[in-house]
Amino acid sequence: MKSAPFLFLLGLLGLVTAQTQDPALLDLLRENPDLLSLLLQSNEHRAPLVKPNVVLLVADHMGSGDLTSYGHPTQEAGFIDKMAAEGLRFTNGYVGDAVCTPSRSAIMTGRLPVRIGTFGETRVFLPWTKTGLPKSELTIAEAMKEAGYATGMVGKWHLGINENSSTDGAHLPFNHGFDFVGHNLPFTNSWSCDDTGLHKDFPDSQRCYLYVNATLVSQPYQHKGLTQLFTDDALGFIEDNHADPFFLYVAFAHMHTSLFSSDDFSCTSRRGRYGDNLLEMHDAVQKIVDKLEENNISENTIIFFISDHGPHREYCEEGGDASIFRGGKSHSWEGGHRIPYIVYWPGTISPGISNEIVTSMDIIATAADLGGTTLPTDRIYDGKSIKDVLLEGSASPHSSFFYYCKDNLMAVRVGKYKAHFRTQRVRSQDEYGLECAGGFPLEDYFDCNDCEGDCVTEHDPPLLFDLHRDPGEAYPLEACGHEDVFLTVKSTVEEHKAALVKGTPLLDSFDHSIVPCCNPANGCICNYVHEPGMPECYQDQVATAARHYRP
């Protein structure tokens with residue numbers, strides 16, 4: 001039997017190796033230097049600290065003002081708001097682009113889309129695009145695999161499907177470092193996929209597919225229950241891998257139109273359909289965190305929650321809320337690039353609010369840093385590790401941030417100042433509302449989705465804003481009196497461009513023969529039962545819209 005002093009030493013050693021900073025323990029060690037020496041000798045042979053699991057949760061089309069924790073006045077609070085209260089909520093969180101495909105490529109790689117090549121005449125990968133995220137790009141999944149992590153993904157991909165045939169799956173997630181790929185949307189949820197009869201009589205089977213890993217399992221797909229499929233797959237992955245470090249990427253179809261929710265959440269939010277969708281996503285996130293707690297790994301798991309870009313404001317009440325920020329999806333105004341950004345790590349990250357600049361591209365560098373691996377040095381990373389920002393409250397590693405639209409540099413932020421070289425036309429929400437009926441969108445459109453052309457204005461000298469005093473970008477500053485700021489902007493852009501090697505444009509190579517089709521003899525429809533219908537609470541709104549509908 002071990003003696004009591006020996007057991008005491010073992011317990012004390014455990015406290016030291018866990019990096020405990022208890023004052024009583026520190027006083028004991030100061031008063032007993034021989035004990036400290038013994039502990040340190042034993043400590044040389046201790047096991048390394050456990051690598052934290054990393055969970056990345058990405059919402060689609062969610063604006064910076066959609067969550068209660070970010071100030072929405074009518075949205076009910078949910079579990080994501082609890083994470084914001086108990087974790088670190090950032091007010092200056094940014095994404096690498098204001099549109100789905102390029103933004104997601106930046107999340108996966110830590111690099112601006114202009115470096116990767118995820119731009120072109122079109123803005124996103126389409127089902128008939130032959131290209132996808134280049135295999136030469138290291139993804140966060142591949143980086144974490146190199147660090148010894150199991151890797152899993154569920155939900156929306158939107159980084160390419162096929163290359164040479166309708167079934168080769170050349171660009172799907174399993175080819176980019178994910179060991180496990182559950183139910184996933186290789187393209188996206190869209191207006192065309194509506195199966196309720198709200199926007200479409202019948203969903204477009206040429207755009208709407210549900211896969212499991214590389215297998216097409218439903219075309220089109222049922223919206224009802226989709227979030228539950230993603231969530232169940234995520235829970236299964238956690239259960240199967242909880243004993244070892246893992247990286248899990250959950251890319252929700254919420255909050256992209258067409259909106260949908262299961263019966264448990266329909267007609268439950270005072271905010272309407274958008275609120276119902278958000279409550280369903282809150283529930284999914286809570287189930288994921290509950291599973292971590294059930295397996296006693298919540299305190300060894302860091303969770304990032306972000307959106308892929310700002311809201312689609314032309315969709316009115318179904319498009320999301322950019323809060324005080326101007327613009328939305330596809331825009332280089334703050335409303336397009338600034339997002340909710342929450343990091344949650346119980347017991348490690350102190351609760352609080354941070355005004356430091358952080359980006360979606362920082363996640364890969366931070367995860368690699370925490371996982372004990374390094375990223376390649378043969379390329380430029382726009383993302384930086386924010387480990388010290390999270391754990392120590394340090395200043396952001398970013399002194400600047402670049403806003404691109406395709407391969408056009410639209411604006412740059414330097415400190416608190418933002419200089420626009422080009423701006424897209426943005427109308428007031430009231431004007432967008434004229435294209436809606438009772439808040440219900442009548443058409444699938446963008447007022448200005450361009451990076452140059454008639455709805456884009458060039459500025460020379462640049463249009464300058466102080467984002468600390470004027471985050472809504474309403475009051476441009478005079479050049480006179482800000483000469484030093486303009487010089488800093490100029491030198492920052494020159495340095496950036498001097499090191500920039502643009503990627504080859506990837507979004508304009510098309511071949512309609514590669515579009516997924518599970519059953520050509522049946523109009524590419526399989527495992528789908530069309531049951532149009534909508535909850536009663538939506539019917540008055542839809543009836544109002546029908547009276548105003550313009551084909």
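Glycine too: its Cβ is placed from the backbone N, Cα and C atoms.
Because the structure is a prediction, the values reported are computed rather than measured.
Residues or ranges marked as signal peptide in Swiss-Prot: 1-20.
The annotation blocked amino end (Gln) is assigned in Swiss-Prot to GLN21.
Summarising the annotation, Swiss-Prot assigns Ca(2+) binding site to ASP60, HIS61, CYS100, ASP308, HIS309. Under DSSP, CYS100 (Ca(2+) binding site) is assigned to a helix (H, G or I) in the three-state scheme.
Look at Swiss-Prot and you will find CYS100 tagged as 3-oxoalanine (Cys), backed by similarity to another entry. The C-beta environment of CYS100 (Ca(2+) binding site), restricted to residues of the same chain at least 6 apart in sequence and closer than 8 Å, consists of ASP60, VAL124, HIS158, THR188, ASP308, HIS309.
Summarising the annotation, Swiss-Prot assigns active site, nucleophile to CYS100.
Residues or ranges marked as active site in Swiss-Prot: HIS158. When secondary structure is read from DSSP and collapsed to three states, HIS158 (active site) falls in the coil class. Summarising the environment of HIS158 (active site), the number of other Cβ atoms within 10 Å of its Cβ, over all protein chains shown, is 27.
The N-linked glycosylation site annotation in Swiss-Prot covers ASN164 (among others). Cβ neighbours within 10 Å of ASN164 (N-linked glycosylation site), excluding its own Cβ and spanning all shown chains: 11.
Summarising the annotation, Swiss-Prot assigns N-linked glycosylation site to ASN213 (among others) and lists sequence analysis as the type of evidence. Contacts of ASN213 (N-linked glycosylation site) defined by a Cβ separation under 8 A and a same-chain sequence distance of 6+ are given as LEU172, PHE174, VAL181, GLY182, ASN184, in order along the sequence.
Within 10 Å of the Cβ of ASN296 (N-linked glycosylation site) there are 9 other Cβ atoms, across all protein chains. Among the features that Swiss-Prot reports, N-linked glycosylation site is placed at ASN296 (among others).
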Could you tell me which of these binding-site residues, ASP60, ASP308, has the greatest number of Cβ atoms within 10 Å of its own Cβ?
ASP308
Do you know which of the binding-site residues HIS61, HIS309 has the most other C-beta atoms within 10 angstroms of its C-beta?
HIS309
ASN164 (N-linked glycosylation site) and ASN296 (N-linked glycosylation site), distance between Cα atoms, whole Å
45
Surrounding the recorded Ca(2+) site, with Cβ no more than 8 Å from the Cβ centroid of ASP60, HIS61, CYS100, ASP308, HIS309 and those residues left out, we find ALA59, MET62, VAL99, SER103, ARG104, HIS256, SER307, LYS329
Take the C-alpha atoms of ASN164 (N-linked glycosylation site) and HIS61 (Ca(2+) binding site) and report the distance between them in angstrom, rounded.
31
